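Features reported for this protein in TrEMBL:
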COMPBIAS  13-26  compositional bias 'Acidic residues'
COMPBIAS  510-521  compositional bias 'Pro residues'
DISULFID  Cys72-Cys75  disulfide bond
DISULFID  Cys418-Cys421  disulfide bond
DOMAIN    3-153  domain 'Thioredoxin'
DOMAIN    367-496  domain 'Thioredoxin'
REGION    9-36  region 'Disordered'
REGION    495-521  region 'Disordered'
Amino acid sequence: LVLSLAWLGPVSGDEDKDEEVVEEEEKEKKEDEVLSDEIKEEDNVLVLHKHNFARALSEHQLLLVEFYAPWCGHCQQLAPAFAQAATELRNESSPARLGKVDATAQTALATEFGITSYPTLKLFRDGNRTHPVAYTGRMDSQGIVRWMQRRAGPSATLLQDTDTAAAFVNSQDLVVVGFFKDLRGEAAQAFLEVAAEMVDMTFGVAEAAELFQAYGLSADTVCLFKKFDERQTNFPVDPARGLDTAELTQLLRVHSLQLVMEFTNETSNQIFSAKIPHHMLLFLNKSSSEQLSLQDGFRAAAGGFRGEVLFVVVDVTGHGADVLPFFGMTPADAPTLRLVKMENNRKYQMEQDDFSDSAIRTFIQAVLDGKVKPRLLSAEPPEDWDTRPVKVLVGKTFEQVAFDETKNVFVKFYAPWCPHCQAMAAAWEELAERYKDREDIVIAEMDSTANELENITIHGFPTLHYFPAGPGRKMIEYKSTRDVETFSKFLDNGGTLPVEPPVSEVREQPPCPGQSPAPAG
C-alpha cells in the first residue's frame, strides 16, 4: 500500500475493539499450559512463549519478534510476508531469525515489553532482553529482509581504492558514500546508523586520502551519486555540530528524488516518504503531445524549491486517474495545476492556469507566503438534506448548521469507502431517530472526501465532533465507544461523558494508509 492518501484525504481511524475481548476460556487455557523451552517453528518463524523466549535469545544473535493478536487484521495481513522473510533469511544462512509471540496468550511477555498495539515488531540483539530495538522498516517481506540484512552485516561497503570506488558509484542509479578521515569517529558512526535505517539505498564508506582527492574533497563529507539530475551532491559535515542523523536522512530522502517525479505505482512510496511539505502537481494527459510539452516550464520552475516543494506529474489517464475525485476533478480538467500543503491537505489553485516557469514560481511563492487561499471542495446539498433524522451537510452549508448558537450539533465526518464508517452507520441512524424530536439537538454527517472546511482538518475516518449551542464556535472531539448508548450519554451530559473507572486494554494499531476505494498501489 502507498501513502497516496496524503493527497486523497485522511486515513481510517481506530477500529472498533469488539475483537479485543478474546475468549477468556481459550486465553486461560493457553496461560495455564505447562510449556517446555523447546522452540517450534511455523513456516521458518520461531513460535515463542514465556518458557522458551530466553533460550531463543541465547541461540540467535539477531531475533526480530512480532507480537501479535490472532484476531488482528493487520497481523493476519502481515503473516505471509513475515513468513516469506523468515524463509529468505533462513535460506541465506543469515544470523538473523524471525519469531512471533501471541501477546493475547503470553500476557507476561506483552507486559514486559510494553506491547500496546498490534502488530508490534522488536529486534533483540546478542541476547539483550532489556533494550530491544523498535522495527522501523516496511511491512513487507523485502522490507523486512533488507532491514535485517543491514543489521546482520556491515551497513556500508568499505571502499579502499579509486577502482573499487568508481565501480561502486557506477553500480546503481543512486548510491551514498561517506568520506571520513576517521572511520571510528562520531561522524562516521552516525553515518553508519543512517545506513542501517535507510535500507532502500546503497551505502559505501571511504577513509583513504586518494579517494578524498579523487572526488574533490578535503574534509568529512557525505556524497550522493546519481545517474540523473545533479550527478554528485555533497553534504559536508559541520566540524562543530557533527553529523545529525535525522538531518542527513532527510537530505538524502529529498535529494534522492528526481527533480520532477511522475506519480506511478513504483514511485508513490518515494514521493510520500520523503516528507516534503508541499507538492506541486501538474495534471496532464500523456497521450497529448501538446500537454506533454508543458513539462518543460514545470521542470524549469522546480530547481529553486527543492526540499520545500516536490514537483510531480500526474497522468490523468494512467495511475493518476484514481486520485482525481479527491481533487474534485475529471480527466477533462487536464492540463491543470494544483499545489498541496501536506500538513493539512489543503489544495491551492491558480485563478487561471499558466504553465510558464515564471508564473509557476510566482504562484508557489505566493502560497508559501500565505497570500493565496485554499480551494475547498464542496458538494451540492441534497434537496432533502434536512428532512431525514441524519442531516446531510456539505462544505457550503456546514457553517450555518454546525455553528447555529441555538443547537447542539453532533457531526460524523466520514468517507464512503471507510469500513469503520460503514460499521457504525446503523448506530448513527438509530441515534438520530432517538433525538429527532429534540429541537436543541442535531445529528448530522458530512462526506469529507467530497467536502473540505477551512478551519477544520479531518485526520481519520470516522471523526466525530460535537458543536455545543451558544457563542464562541466551540468544538469537542468525541473519542469514546461508538455505540448508541454511549453517544446518548455524551449528548445528555452536554458533550462530556460521565467519569467511569478506567479499563486497561491492548489496542490494535489504526488501519494502514492506503485504504481507498481506488487501488493506489
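Including glycine, each Cβ sits where the backbone N, Cα and C put it.
Note that TrEMBL annotation is computational and uncurated.
Distance between Cα atoms for Cys418 (disulfide bond) and Cys72 (disulfide bond): 17 Å, as a whole number. Confidence in the domain 'Thioredoxin' (367-496), given as mean pLDDT, stands at 94.
Most buried of the disulfide-bonded residues Cys72, Cys418, judged by other Cβ atoms within 10 Å, is Cys418. Sorting the domain 'Thioredoxin' (367-496) by DSSP state (H, G, I as helix; E, B as strand; all else coil) yields 35 helix, 28 strand, 67 coil.
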